[in-house]
Amino acid sequence: MLAVPNMRFGIFLLWWGWVLATESRMHWPGREVHEMSKKGRPQRQRREVHEDAHKQVSPILRRSPDITKSPLTKSEQLLRIDDHDFSMRPGFGGPAIPVGVDVQVESLDSISEVDMDFTMTLYLRHYWKDERLSFPSTNNLSMTFDGRLVKKIWVPDMFFVHSKRSFIHDTTTDNVMLRVQPDGKVLYSLRVTVTAMCNMDFSRFPLDTQTCSLEIESYAYTEDDLMLYWKKGNDSLKTDERISLSQFLIQEFHTTTKLAFYSSTGWYNRLYINFTLRRHIFFFLLQTYFPATLMVMLSWVSFWIDRRAVPARVPLGITTVLTMSTIITGVNASMPRVSYIKAVDIYLWVSFVFVFLSVLEYAAVNYLTTVQERKEQKLREKLPCTSGLPPPRTAMLDGNYSDGEVNDLDNYMPENGEKPDRMMVQLTLASERSSPQRKSQRSSYVSMRIDTHAIDKYSRIIFPAAYILFNLIYWSIFS
């Protein structure tokens, strides 16, 4: 019975001791700090104590706070993008919004005659004012953004008329820039490469001059909603002085503005970037005109080759004709198949005609020579003194002798060492004088020989003179 009260008394003493210990810790905090120092401060508390000590010890090394870590207002909130409907143009329901444009041409990459297009890389900049994007600023500084903000606000919907391919450069990121002034003025710039159509006239090719245009227009907004204009007039177009092309000389760049009408939608403002190109002729002189001229001159060589040298004259004529055909085919392969005659076609085909006529000239000479040889054979058969002689021994009857030379044979006297064949020819010609019929046969025979020689002789003068005259007329018209 006495054990139960003693147990209760012991429990009471333990509880009272725990209360006293708790009260002592609450009234003596320095002791707790002292005890924690023995076990070690927590990591965060030690860092804070170290920083405070560093600031107190070296105030010179004290750094300003990093503003990027402080909470800032988002650009979307500053521009109040969520408070407006940017699917509508600025000033909707009012007058047309003016949008200025300027362009800097970076490069003119290529001109294709076959596809009738050109490729250009340029910086396209738009200027307009959108009061919905105005923001308060104490220093009147603009804000610059990349392409991510462009998708959240209104921008002009420009496109290139008659473009075949175009893209915005994206290396290393999208080449798009947006700059907003505190009063709401916006600059929108992007770097674009576009391939556009260019209607070319090749009637004077390769002595031609081409004018191409890059046309810029709003796709959806008519002139009642958007007024498109060159911001600085002709100064709105800037070009790099280093721009050059292999086959063309860039003569000038200039700008124009016109209105375009579509029956379904109405009138639109359209901006033009016009540039004039003049073709370099030196390349075509080396590749086309000089080879064609040389082939024509080479065909004239046959006029100085003996008419009996068939293996020499025929291959020469065929070679020049085939070479001219190859030149014509090569030029037309690099050109579009137009339905009109080009200047180079006139020159090449006239040259081809000259080469072909030289072949026909030899065909005529060879034919007349063959006919003449047949008549010679008949004449030898009719002459009694030469009928038994072989053809080489009748060379005295060659047409190189005139009538006077033939008559002089009457006075011919054989000298020592003279062959008797020549004497027989002399006697034959002398006997012909006593017969009027044989005299007429001899005259027609000699005249025939002179005519065949005259074709080659006159061709040596007529062909070069006619070709030189053609060149004078051609270059005076097209140059």
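Every residue, even glycine, has its Cβ placed from backbone N, Cα and C.
Source: prediction; values computed, not measured.
Look at Swiss-Prot and you will find 1-21 tagged as signal peptide, backed by sequence analysis. Here Swiss-Prot flags 22-280, 335-345 as topological domain 'Extracellular', drawing on a curator's inference. Among the features that Swiss-Prot reports, region 'Disordered' is placed at 32-55. If you look up Swiss-Prot, you'll see 45-55 marked as compositional bias 'Basic and acidic residues'. The 4-aminobutanoate binding site feature in Swiss-Prot is assigned to ARG125, SER189, GLU217. Residues annotated as N-linked glycosylation site in Swiss-Prot: ASN140, ASN234, ASN274. The disulfide bond annotation in Swiss-Prot covers CYS198-CYS212, and the record cites experimental evidence as its basis. For 281-301, 314-334, 346-366, 458-478, the entry in Swiss-Prot reads transmembrane segment.
Here the C-alpha separation of ASN140 (N-linked glycosylation site) and GLU217 (4-aminobutanoate binding site) works out to 33 Å. Relative to the transmembrane segment (314-334), the listed stretch 346-366 leads the set 281-301, 346-366, 458-478 in CB pairs under 8 A. Beyond its flanks by at least six residues, the transmembrane segment (458-478) meets 204, 207, 296, 300, 303-304, 343, 346-347, 350-351, 354, 357-358, 361 of its own chain at Cβ-Cβ distances under 8 Å.
A distance of 6 Å separates the Cα atom of CYS212 (disulfide bond) from that of ASN274 (N-linked glycosylation site). Comparing ASN234 (N-linked glycosylation site) with ARG125 (4-aminobutanoate binding site), their Cα atoms are 15 Å apart once rounded.
Within its own chain, the transmembrane segment (346-366) has Cβ neighbours under 8 Å at 288-289, 292-293, 295-296, 299-300, 302-303, 307, 310, 313-314, 317-318, 320-321, 324-325, 327-328, 331, 452, 455-456, 459, 463, 466-467, 470, 474, counting only residues six or more beyond its boundaries. Each residue of the topological domain 'Extracellular' (335-345) gets a DSSP state, and the totals for helix, strand and coil are 3 helix, 0 strand, 8 coil. Long-range contacts of the topological domain 'Extracellular' (335-345) within the same chain: residues 113-114, 116, 202-208, 284, 288, 328, 478, each at least 6 residues beyond the stretch ends and with a Cβ under 8 Å from a Cβ of the stretch. According to DSSP, ASN274 (N-linked glycosylation site) sits within a strand segment. When the Cα atoms are compared, ARG125 (4-aminobutanoate binding site) and CYS198 (disulfide bond) turn out to be 23 Å apart.
The number of other Cβ atoms within 10 Å of the Cβ belonging to ASN234 (N-linked glycosylation site), over all protein chains shown, comes to 10. Closest by Cα distance to ASN274 (N-linked glycosylation site), from the recorded positions SER189, CYS198, GLU217, is CYS198.
Reported as a whole number, the C-alpha separation between GLU217 (4-aminobutanoate binding site) and CYS198 (disulfide bond) equals 17 Å. Distance noted between the C-alpha atoms of CYS198 (disulfide bond) and SER189 (4-aminobutanoate binding site) is 25 Å.
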